[in-house]
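Student: Got a structure for you, written out below as structure tokens; questions coming shortly.
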Amino acid sequence: MGDKVGQSTSKPENLAKSGFSPQQRSQPEHGLGLQVLMNNDINSSVESLNSACNMQSDTDTAPLLEDGQHASNQGAASSSRGQPQASPRQKMQRSQPVHILRRLQEEDQQLRTASLPAIPNPFPELTGAAPGSPPSVAPSSLPPPPSQPPAKHDVKVFSEDGTSKVVEILTDMTARDLCQLLVYKSHCVDDNSWTLVEHHPQLGLERCLEDHEIVVQVESTMPSESKFLFRKNYAKYEFFKNPVNFFPDQMVNWCQQSNGGQAQLLQNFLNTSSCPEIQGFLQVKEVGRKSWKKLYVCLRRSGLYYSTKGTSKEPRHLQLLADLEESSIFYLIAGKKQYNAPNEHGMCIKPNKAKTEMKELRLLCAEDEQIRTCWMTAFRLLKYGMLLYQNYRIPQRKGLPPPFNAPMRSVSENSLVAMDFSGQIGRVIDNPAEAQSAALEEGHAWRKRSTRMNILSSQSPLHPSTLNAVIHRTQHWFHGRISREESHRIIKQQGLVDGLFLLRDSQSNPKAFVLTLCHHQKIKNFQILPCEDDGQTFFTLDDGNTKFSDLIQLVDFYQLNKGVLPCKLKHHCIRVAL
């Protein structure tokens, strides 16, 4: 019975959990001592551990024991086949080296969970580590995989005078980014009113791109003869500044009660849960015909509908005229000449997929410019919603990336104030009556200064009177010899906002000039006449009550004072050569 004390008592499932393979289980011969059995078990464990480590990595690991007991283990395993099952007492005796097996299992687990191979550190002096020690690299410090940058694309942009510039842009560049790039390259004033215009000369259509639109995507939907224009548009976000003036009460129908305030009006249009509706009569061109038909039309978030029975808006009487999501709204450039429109207040809803197909266009015509502006503004608001408001708010944020980090502002009534410099320190004049009196005194001072210059510089080759007659031609607001119709077209293109103006030569009087001014979305013309006083020539708008030696002084004065004009001069029409 004493010879059976050293027999193996480990069960197969217990050995499998410890990392042993079934081929390595053995029962030694009779007469072996406890020390020999312990050495055999340890060597079998080391052999299994080394084989497992070799499968995990290609690194060479030195053997832990070198006593050459592997052959005797194999012989013992072959001779132990067919031995009877060990008794519980024998199992107790064979399970004495448990702490050694547990230590081997822990070492095996550490090797299995190692994430980096043991690579010697070639620069131990830089990291302070010992030579041969593995480098310590955090997974977060590893560089991310390189991402492919967006491709580049060439875009040709035209200005109002016919000049053009080819600009290389990224394929994900927006219309606003391209406008800022052109402003920077052209060295012009950036007052956040520049826009990119999609112009279709063959169809007689044009529209201003929204700031968030991708330029390359829009260009892919344009035919070959179409082009981009670089132009001012002061009315692009005028709705957010004064929304009440844009929508007459009879044209707006709300699904909920509105108090009529500006904040409530904006909220109703921007809130997707509300359902504002623009309604009214429009002239609609019949598809496939040259005739136009007056229909009752309503604009909703779901689309543009017309009524087949008078002004009824019952679902069975409404027919879909155009969809908002996959369409864009355009101005008709020459609607009367090209489409036989009733007037020049035409607009067109064009599907984005349609390039030159006339049958896909939905041509509309309003009674006047205010009604057309109402329809087109509502179309943009219902289609883009909050995204349009975000475009309006972006220019007001600080910290724009260079080279656009310091945008310049144009002259406006917010930056010009009346001041008094009669004392040692200048002061702002808050009283309107005092400001008007100071402006009149300044006008008389200009007159006296001009007279003094004529006396002191009469022998000069460039006489002051000659200089006063031509100096205005260097200004951006002076457009030379253009017709009345052309000046109105330029005003409409750059936005019907209060205070938008330009100066031009008079067609009826060769010595006079004309101030073209926009007020309440209507264009008015004021003649600037020359007058003489004490042998000197002056210019006046109010029959000689206020006189100016040149047109630059006249424009500066009416930018500060309304005078006889319906409003102050605020924005000037400009054409930039690219």
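Here the Cβ of each residue, glycine as well, is placed from N, Cα and C on the backbone.
Annotations in TrEMBL come from automatic prediction, not curation.
Pulled these features from TrEMBL for this protein:
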type	residues	note
REGION	1-96	region 'Disordered'
COMPBIAS	1-12	compositional bias 'Polar residues'
COMPBIAS	37-60	compositional bias 'Polar residues'
COMPBIAS	70-96	compositional bias 'Polar residues'
REGION	117-153	region 'Disordered'
COMPBIAS	132-149	compositional bias 'Pro residues'
DOMAIN	151-235	domain 'Ras-associating'
DOMAIN	275-384	domain 'PH'
DOMAIN	477-573	domain 'SH2'
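In the displayed structure, how are the listed features positioned relative to their neighbours?
Tutor: Helix first, then strand, then coil: DSSP counts for the domain 'SH2' (477-573) stand at 20 helix, 35 strand, 42 coil.
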Student: Could you put numbers on the helix, strand and coil content of the domain 'Ras-associating' (151-235), residue by residue per DSSP?
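Tutor: Tallying H, G and I as helix, E and B as strand, the rest coil: 18 helix, 33 strand, 34 coil.
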Student: Limited to the domain 'Ras-associating' (151-235), I'd like the whole-number average of pLDDT.
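Tutor: Averaged over the domain 'Ras-associating' (151-235), per-residue pLDDT gives 92.
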